[in-house]
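Taken verbatim from TrEMBL:
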DOMAIN    2-148  domain 'Cation efflux protein transmembrane'
TRANSMEM  6-23  transmembrane segment
TRANSMEM  35-52  transmembrane segment
TRANSMEM  90-111  transmembrane segment
TRANSMEM  123-141  transmembrane segment
DOMAIN    152-227  domain 'Cation efflux protein cytoplasmic'
């Protein structure tokens, strides 16, 4: 988030300068220096983009042993190799710089041979600013969702709960909490009640729920708590009992 916000701050300064140049047109541009700088920028950002794209992919697996009691939680983990949000931000940054450098390179050619078309310089800044705004909004949104421990946008809690309810011997899904540890690593905690008389099948239910969360919905980690069904008995408070005939 800090990386993207710094880009926004820089974009603000560039926009201010571009507006000033557009209004007053009192500036001179050295076409040769602009051309060389833009060419170096294209080369550097291409290298950075390739390196970040390669380093952003990883794959790891982790599983813990199931518990030996149906009333305790079973912790399990699985990673399907998601990109790091920080690497995504850096990659978008490098990609935006690359597009900008290409735009500046084109503008530099124009200004180098047609100095009267120097308005191409601020136009490049306007295009770059729009590009940055569109490409970085998703990163800001994903970061806010993680910080606030919100449900990842690609997961539907109600749909997952319905899928868990379809598992044999499941009476109810009492609690289901889903959030992301970081980008691409959703985590779930679920409390399941078993139908009466099926306590002996808790291990089978646990295995099915674990497979559903990890493999079907792509959870990175999950905690499954199983409990035998306990019928709630209505209890009348002491004041009501004393007032009743």
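Using the three backbone atoms N, Cα and C, a Cβ is placed for every residue, glycine included.
Among the stretches 6-23, 35-52, 123-141, the one making the largest number of Cβ pairs under 8 Å with the transmembrane segment (90-111) is 35-52.
Summarised by DSSP class, the composition of the domain 'Cation efflux protein cytoplasmic' (152-227) is 27 helix, 27 strand, 22 coil. Through the fold, the transmembrane segment (123-141) approaches residues 1, 4, 7-8, 11, 14-15, 17-18, 85, 88-89, 92, 95-96, 99-100, 103-104, 106-107 of its own chain, all at least 6 residues removed from its boundaries and within a Cβ separation under 8 Å. On the 0 to 100 pLDDT scale, the domain 'Cation efflux protein cytoplasmic' (152-227) averages 90 in the predicted structure.
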